[in-house]
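One structure is given below, encoded as structure tokens.
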């Protein structure tokens, strides 16, 4: 188990859990929460957050992020959604749908606004991009070059769980996120996908 | 120097002497010295008090405000105005250098035969004090006989406050039937109440008719530039009641017996109607009786450019008669004497005589006697007031004052808990200088009343004795102030909320030391001018910093060394002595400025030092504004704007 996450001091500042009225204070509050969420997820290598877990199940890893038992304060779900929306505009989060990755945009708008629409459409899961798919793609590309895998074919399973990638940044990466990264490479013409759903293979150029 | 520089209060009004009474205020007044305008004193307000006439300049009040003591005034004259020349009141100072003979001669000329029976107190003053305008002690009050409807004069020694069933009353002059006491009392009181309310003038004559003046003076001074009267060249005197034209030398109407207009006005005017233009020509035409005024470079004229001169003159006459300044050095006057005066009781001269003798009896006996006299007087006032409903109306003010002082005594006996009420009762009497609508010149309209009210309020607020503002932590809501002010007025001359608000809005314009502030929510508060948002925030922050040092009363889970603690509006209100509404507004103001941040929790809304926005957010503003600013700057540099 990794060492406990060192929370910043704001995390134990009671007003941090109340949506601020003053616009510039609110902006500062949103960006502080945003960077807190990102660094927390980076520390725990969390790629997506379930909002219901984060607010309601005390056993989840992500629970302490929005709940500070020491000062008996917790962040309201609707405000979390607003933070996520703020991060999404920054390119650091995305509402994720279990079916189609492309539909995130539209649902994200609904989820950030009030929460009711997001709930209905399953806006519970959020990608947290402490590295964006583009950044992951860059890492992947560099790894391919360094390890001489250019022209080779690797499966997604190999990339995330395989012995060859152990120790690299993306070992243990969420498969869906990896696929997003690969899509980026495909668009750039640096890779090509092959094979079926279960056994997706990637050929790097 | 006749005109002296004066000190002004914080509200730019003359600061009054201890027992000085404000009688009249009029704006738009200019000053002349001799025949020349004083360049810096051409637009200001004139305050007539029982002791002085103060001029407060509108543009440079601290620099050019002056006053003259009425005790230095030898004579005063009235000029009704002609065409473009405004009505003026001229005050001629006593010239100590002059021999009394010289003084006397004009006085003799101007005083009609009646002046011979002026009050004994007056005679003591000697020649220097001889004033041509001494009203006669003849009472102008009349009572109408119920039997034959003949109008009888109320006897001059009749004192409504002292009269009782045993007071001898003269029978009707026509039918010989004795009137009832209440009848005469009513007549006396109604006569007193029609006069100016504050001036305990002995016998203010019937309404002055300035037009008549010229008609009277014309035969005596043909060279005058007074407006020629087409009618009545024979200077006959219209009775104010039955309009019968009497011979000018008559004192009372031949037909109905009403006393005629006081003769002092015409005689004064005979000397005064200078054209008051700067041209010296007509000046020389002024008749001989005015060498003092003519020679003295120091005679001072008040030019009334927006009316009010008649009331001013009337009241000036009243207080010249009373000569309150004589009492200035005397020990504080017991209350009863004041109520006597305010009643406008005929024969007050007589009653003021024992007043002056009173201090001679010293020690406990004197005090006892004084209290006894006062009690007796109170008894009489109350007795009179309830005898008749009208009488009650007429003496309402005294009764209120009495009731108040009784209440104070009762409270004083009860204990010190009612200190605030005592303070208010106290301040009610201190508010003797209140501005009421009848003090202010009528022609000035509401604006003068409002500006005077604004000044009164500013004084009320900044007065150190009362410390209204200080006790409220420097901020008080307008509604609270309104309530307090009206309570301090003791239930009389109340100010309507509309007038009050209008007056409060004038503070800024009049450059008074208090200002009205409107919070976001629309709440209006009053605070000192020196008190800004920055200073408030500074005070709040300093307090919050203290909270880092001192541990909170109970255990808190967060690091209070780091964050201090949250404060509610109630905490702030307690700490700074503000009302809760004000505290809320101030906190929200500080939040608005980004100094504080909020925390909504089960304990309510709390405010904390802003540890969220620690600088990163400052640059946020918003990009559109920044861009616009940048564009504007560039445009300016390139010379397009």
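Cβ atoms here come from the backbone N, Cα and C positions, even for glycine.
Predicted automatically and left uncurated, TrEMBL annotations should be read as such.
Within the set B:58-95, B:96-133, B:134-171, the record from TrEMBL flags B:96-133 under the feature region 'Disordered'.
In TrEMBL, the region 'Disordered' annotation falls on B:213-232 of the listed ranges B:193-212, B:213-232, B:233-252. Within the listed segments B:300-329, B:330-359, B:360-389, TrEMBL records region 'Disordered' for the stretch B:330-359.
Restricting the average to the domain 'GLUE N-terminal' (B:6-332) gives a pLDDT of 65.
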